[in-house]
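According to Swiss-Prot, the protein carries these features:
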{"type": "BINDING", "residues": "Asp452, Asp458, Glu461, Glu462", "note": "Mg(2+) binding site"}
{"type": "DOMAIN", "residues": "39-148", "note": "domain 'tRNA-binding'"}
{"type": "DOMAIN", "residues": "399-474", "note": "domain 'B5'"}
{"type": "DOMAIN", "residues": "703-804", "note": "domain 'FDX-ACB'"}
Amino acid sequence: MQFPESWLRSLVNPSIGTDELAHRLTMAGLEVEETEPAAPPFTGVVVARIVDIAPHPDADKLRVCQVDDGSGALLQIVCGAPNAAAGLTVPLARVGAELPGGMKIGVAKMRGVQSSGMLCSARELGLSQDHAGLLELPAALRPGTDIRAALDLDDTLFTLKLTPNRADCLSIFGVAREVAALTGTPLTAPAAEPVPVTIDHRLPVAIQAPDLCGRFAGRVIQGVNARAATPEWMKTRLERAGQRSVSALVDISNYVMLEVGRPSHVFDLDKIGGDLSVRWAREGETLELLNGQAVALDPKVGVVVAGEQVESLAGIMGGEATSVTLDTRNIYLEAAFWWPGAIAGRARRYKFSSEASHRFERGVDYASIPEHIELITRLILDICGGQAGPVDDQCVNLPVREPVRMRLARCHRVLGVAVERAEVAQIFTRLGLPFQEQGDDFVVTPPSYRFDIEIEEDLIEEVARVYGFERIPDVPPVARAKMHAQPEARRGAHAVRRLVAARDYQEVVNYSFVEAAWERDYAGNDNLVRLVNPIASHLSVMRSSLIAGLVAIVRHNANRKQSRVRLFELGRVFHRDPQLADGPLEVAGVRQPLMLAGVAWGGAVEEQWGVPHRQVDFYDVKQDVEALFGARADALRFVADRYPALHPGRSARIELDGQPIGWLGELHPQWTQQADLHHAPVVFELDFEALAERRLPAVRELSRQPAVVRDLALWVDAKLPAQAMLDTVAAAIARDPQLSVVQDAQVFDVWREKPVAGQTVTEKSLAFRFWLQDTEVTLDEARVADCIARIKDALVAAHNARQRA
């Protein structure tokens with residue numbers, strides 16, 4: 001909300017400067033977003049009057065003006081403005097004046113004629129962008145008066161950023177009320193004595209929807225002059241508040257709305273075809289608004305109708321059919337209390353907002369309607385003339401403001417400072433909050449303009465605002481604290497992040513709420529955790545997997561010509577679990593495990609001249625996953641399985657010590673195509689708890705003896721996983737003390753016979769390499785051969801293997 005400081009100080013004028021006033025308002029919760037001067041700095045510009053004007057002897061478009069600047073002698077000034085005329089009052093930049101932008105005015109000759117100064121347009125003074133002609137000033141101004149004083153150009157424009165709960169401050173008077181409370185300065189309320197009722201004409205009104213309109217007041221005014229000029233003081237205030245002048249009747253309505261926060265509407269009485277009714281709209285009804293927009297109505301929108309013709313969108317905007325024009329002679333002035341819930345969101349449905357709807361959907365004072373009707377009427381009669389009829393004021397359903405109790409002890413506990421009882425009483429008095437003291441409690445009845453006071457904490461906030469947040473001492477919280485030792489065998493979240501980052505992955509953070517389609521496509525989840533009030537319609541469910549969010553970021557980067565992307569996210573997912581009860585960090589029925597997910601797309605390594613380019617594959621990312629587990633990687637198993645997000649033939653379930661902990665694989669071809677990626681990303685998702693546990697290293701003496709390497713090739717069933725044979729080897733080493741010298745075993749070759757037409761290959765050859773080493777003695781050939789034989793026997797027994805010749 002924007003307004004000039006001078007308007008505010010006409011209602012309350014504390015003895016503090018502009019900067020201090022802005023600071024006080026901001027610290028009280030009315031954030032002053034910006035202050036700027038009403039006009040840029042300039043000097044030497046005065047009010048002047050053109051006494052005589054003559055054509056320039058040597059230029060058709062220039063004229064020679066004789067100007068009275070109040071000095072007693074006429075100045076000769078050459079001017080080319082089309083509106084220059086004798087008798088016109090205009091700004092004059094005298095010789096030596098400095099205009100905005102640093103322009104200095106001196107004596108000059110223009111086509112041979114001396115010019116001692118410059119007559120100015122509004123743009124040359126930085127007041128507006130209008131440069132079509134000279135700025136025309138009121139004729140009542142005295143020549144020689146400094147233009148800054150004459151037009152009050154040393155004013156300051158305040159821009160407030162109000163929170164939605166402070167609807168009472170959406171007016172100059174509302175802000176003035178706050179300033180008076182903060183500074184103790186007397187407040188002058190805008191008011192007008194009831195105007196004489198000189199006609200008895202009434203327009204009948206029926207309120208058919210009390211849940212829409214709680215109070216409706218109006219009066220007929222006849223014989224107005226709609227062509228009357230809006231006073232300069234009113235136009236200036238409106239312009240400095242960001243409103244353009246339209247016509248006297250419209251300007252008066254806007255002026256009162258800005259000054260006291262009362263939206264009103266002026267109907268052209270002669271265009272109203274019947275009695276007025278206030279009701280909810282009906283299906284099929286339409287209305288052309290004042291902004292030229294035609295809207296289709298429905299029963300969720302309130303309207304004012306004349307007979308059966310809709311004339312106004314209740315609390316939002318009037319209709320074009322009954323709008324006032326310069327030819328209007330008779331008007332109906334209306335002001336009403338519209339229930340905030342009946343107005344909220346209605347204007348946004350039609351993709352616009354109005355000053356009226358902005359106020360009504362937050363709450364407008366319902367008790368001061370008659371006084372404001374009188375204020376508007378007085379301005380209309382003073383400016384446009386006319387005769388006023390009686391006020392028709394109907395109250396059918398007004399809010400009932402329940403008293404709110406504030407315990408003084410509770411106030412002290414919340415604020416952390418003991419505000420004296422007498423000071424609390426003084427604060428409530430200055431804020432205009434009627435109260436009763438009951439023991440140590442204050443029972444406050446919220447005024448009709450304070451829709452934000454409903455609970456005890458609201459009153460405590462009022463005390464804090466006026467008492468002053470800066471007066472509340474900074475006291476560190478005192479609480480029992482106990483440092484818990486982190487087990488050495490457990491890693492924290494930051495340690496895991498560092499591990500993943502060391503594998504060349506970059507961390508991202510996605511929303512926890514996602515599209516419902518993502519859950520269906522990527523996680524196969526039909527039991528969704530839906531949001532009651534999503535921040536956006538497409539972010540309506542809680543995620544049960546991190547994979548979809550990572551794929552979306554890969555797509556985002558691919559669309560921006562990135563060729564290699566490696567990302568990870570550590571975050572919570574959400575699963576339905578009827579067995580889960582409420583807890584300090586749990587919500588009943590929803591399990592929230594912490595998961596780690598990663599995605600690799602593009603080159604396996606950064607582009608480099610000495611390394612052939614190839615796309616990242618399953619085994620590259622499998623190696624990354626194994627590296628994250630360190631010494632526990634030997635307990636990992638990658639079991640071929642299917643997952644909705646992954647390629648059915650290139651995905652694996654990850655198990656640790658026999659328990660499933662996640663998934664690894666290429667993205668499903670369907671989702672790869674849907675994301676418009678030219679090759680499939682490889683993704684993984686792991687349970688964080690499995691990663692957090694780690695095996696501590698066991699220190700042992702480094703052997704001084706040479707290692708012996710032996711190979712063993714065996715024929716086995718073609719469908720037998722190599723990991724099954726490695727598990728058999730590990731089990732044999734664990735149970736046979738003679739095999740303790742076997743330090744490592746790896747598969748180094750897989751070979752299959754070339755298939756013959758019509759026959760299926762049933763066997764494959766797996767070649768294993770073993771490293772044997774003793775810490776005490778050098779192994780002889782007999783011991784090595786015995787170890788290899790024992791391993792071969794175990795494999796033959798377990799898998800029906802036979803040695804390859």
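All residue numbers here begin at 1 and follow the chain in the order shown.
The backbone N, Cα and C atoms fix where each Cβ goes, and this holds for glycine too.
Annotated features, which come from Swiss-Prot, shown on the structure.
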residue : record              : Cβ contacts under 8 Å, 6 or more apart
Asp452  : Mg(2+) binding site : Asn165, Arg166, Ala167, Asp168, Asp458
Glu461  : Mg(2+) binding site : Gly29
Glu462  : Mg(2+) binding site : Ile427, Phe428, Leu431, Leu433, Ile453
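The average pLDDT computed over the domain 'FDX-ACB' (703-804) stands at 91. Cβ proximity to the Mg(2+) site centre (mean Cβ of Asp452, Asp458, Glu461, Glu462, cutoff 8 Å) flags the following additional same-chain residues: Asn165, Arg450, Ile453, Glu457, Leu459, Ile460, Arg465. For Asp458 (Mg(2+) binding site), the count of additional Cβ atoms within 10 Å of its Cβ stands at 16 [all protein chains shown]. DSSP assigns Asp452 (Mg(2+) binding site) to coil, not to a helix or a strand.
Taking H, G and I as helix, E and B as strand and the rest as coil, DSSP gives the domain 'tRNA-binding' (39-148) the counts 2 helix, 52 strand, 56 coil.
Within the domain 'B5' (399-474), the DSSP-based counts of helix, strand and coil residues read 33 helix, 12 strand, 31 coil.
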